[in-house]
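Engineer: Below, the features straight out of TrEMBL:
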| type | residues | note |
| --- | --- | --- |
| DOMAIN | 19-145 | domain 'Cyclin C-terminal' |
| REGION | 123-150 | region 'Disordered' |
Amino acid sequence: LQEWELVVLGKLKWNLAAVTPHDFIEHILRKLPLPKDKLLLIRKHAQTFIALCATDFNFALYPPSMIATGSVGAAICGLQLNDGDRFTDLLAKITNIDVDCLKACQEQIEAVLVNSLRQVRRQQQQSNPSKTVDELDQASTPTDVRDIDL
């Protein structure tokens, strides 16, 4: 059955290969002057941001390269590895994206994270009201896609 599906797709000349934001992460990270010991953590955070973007319809109009670049920028910013706008300008130059568009995308990604963390905090408060607000404020960025509660 699968072989026939491939024959039909071939005859129809359908290309099912899709470019995703994950395809751009390695290319972007290789061109950035980042400490080698932080690359794995940045990659995991960027993948988490990409997964969050996949849950929000606002990112449907962004090209995969923009989502990947914004996610890497948000990961670097969230880990406080950047010094101002230097990395944003460098990311824009590497990917040939307008700096203002990239900043807007990155801000939108960070807003999605904040909303996601608020939802988790509300769920935790509803399920376990004995925890104090200070304990819940210590939430951090999930570093693994499996940690995201969809």
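Glycine residues also receive a Cβ, built from the backbone N, Cα and C atoms like all the rest.
Keep in mind that TrEMBL annotations are predicted by a computer and have not been checked by a curator.
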Engineer: Restricting attention to the domain 'Cyclin C-terminal' (19-145), give the mean pLDDT.
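Structural biologist: Here the mean pLDDT over the domain 'Cyclin C-terminal' (19-145) amounts to 84.
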Engineer: Residue counts in helix (H, G, I), strand (E, B) and coil for the domain 'Cyclin C-terminal' (19-145), per DSSP?
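Structural biologist: Result for the domain 'Cyclin C-terminal' (19-145), in helix, strand, coil order: 92 helix, 0 strand, 35 coil.
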